[in-house]
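Note sheet for the following structure.
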Amino acid sequence: MNKVILYCRPGFEKECAAEITEKATAHEVFGFARVKENCGYVMYECYQHEDADRLIKTLPFDTLVFARQWFVCGELLRDLPPEDRITPIVGMLTGAIERAGELRVEVPDTNESKELLKFCRKFTVPLRAALKENGILLPYEKASRPVVHVLFIAPGHCYVGYSYSNNHSPFYMGIPRLKFPSDAPSRSTLKLEEAFHVFIPADEWDERLASGMYAVDLGACPGGWTYQLVKRSMMVHAVDNGTMAQSLMDTGQVTHHAVDGFRFEPPRNNITWLVCDMVEKPARVANLMADWLVKGWCREVIFNLKLPMKKRYEEVTQNLALLSERLSENGINFEIRARQLYHDREEVTVHARRIWGAVPGRRDER
Ligand SMILES: C[S@@+](CC[C@H](N)C(=O)[O-])C[C@H]1O[C@@H](n2cnc3c(N)ncnc32)[C@H](O)[C@@H]1O
């Protein structure tokens, strides 16, 4: 198995390919990416056989922006016989992986694949039984073991392989399933909720998204992101010239500031979270986020970078580099991650946090 499949948002295959090529090469895994526009995945073919496994084991999945999921696989299985699709799949996995902890039968995230998804659900049951019988899957689900992936790209045609559970997306098809809360004022509430799921480990939510924390939401109206913060019992300064949903104002947890988000200064020094969904030039937003972190006005930020029509990968890398440089030159120890979330369209979401104290230039460990 010398290939790595990466799932992405349809339309962003070129960005996903540019990213994996650059990062795999920097990791000394040489190969080339195959791109078919709007198909929802990219194939990175390694020149050395064992390199595909090494890549998904050692390149941190969290560092990828445009990939939702990845797995190692071999050649496409074509024209599986309808009377026995299982034997070729078992054959492909035999010797490649054993005692895996889970099976995911998936499709690319395209409209054409929706029909196939129904088949995948049904097919999972007999395939799972066969994989267990052959020792490829453990008799019970185990989260710490590798995951077997079967990706159907058309009826009877699939890629088969595996990913490592400590270096992949924990979600089926790389997409957290979230339900739109009927009382939220806008659908973009799901963007911030997804960002929490992707960037904050579940066992750290109680500490890092704790009730009673103070947050600032720049470009807040009508309040989808503020809703998420309020739901976690935070106190929110919502900054926007627009109108906030009355239901949020009625909670007593929200203070609305009808001012420019680029000029707003926090009224208190105990802000934990800054979130920002202002539609603005990416570099302007990245600089603003750097200002807040450098001045110690907040501890963690989540913000969107709206992407241009062209050179989208370059735009993302430049802005992440700009943020890193600003924090580094101010002696701040930090962590930055970015991901094009399922609920993002022409944008990516970035999370950054200070790991050290709030005084610029001083490394006071917390
Ligand atoms: C995409 S909407 C935000 C949606 C919001 N996150 C939600 O979930 O409901 C962008 C908002 O940014 C606001 N905005 C744009 N530029 C701004 C600025 N300079 N200062 C404050 N708000 C700004 C707009 O008024 C608009 O309401």
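Backbone N, Cα and C define each Cβ position, glycine as well.
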Since TrEMBL lists CYS221, PRO222, GLY223, GLY224, ASP240, ASP260, ASP277 for S-adenosyl-L-methionine, which candidate among SER188, SER211, SER233 does it give for that site as well? SER188
Please give me the binding-site residues out of SER188, CYS221, PRO222, ASP240, ASP260, ASP277 that lie within 10 Å of LYS306 (active site, proton acceptor), comparing Cα atoms only. ASP277
Averaged across the domain 'RlmM ferredoxin-like' (1-71), what pLDDT does the model get? Just tell me the whole number, please. 97
Of the binding-site residues listed (PRO222, GLY223), the greatest number of other CB atoms within 10 A surrounds the CB of GLY223
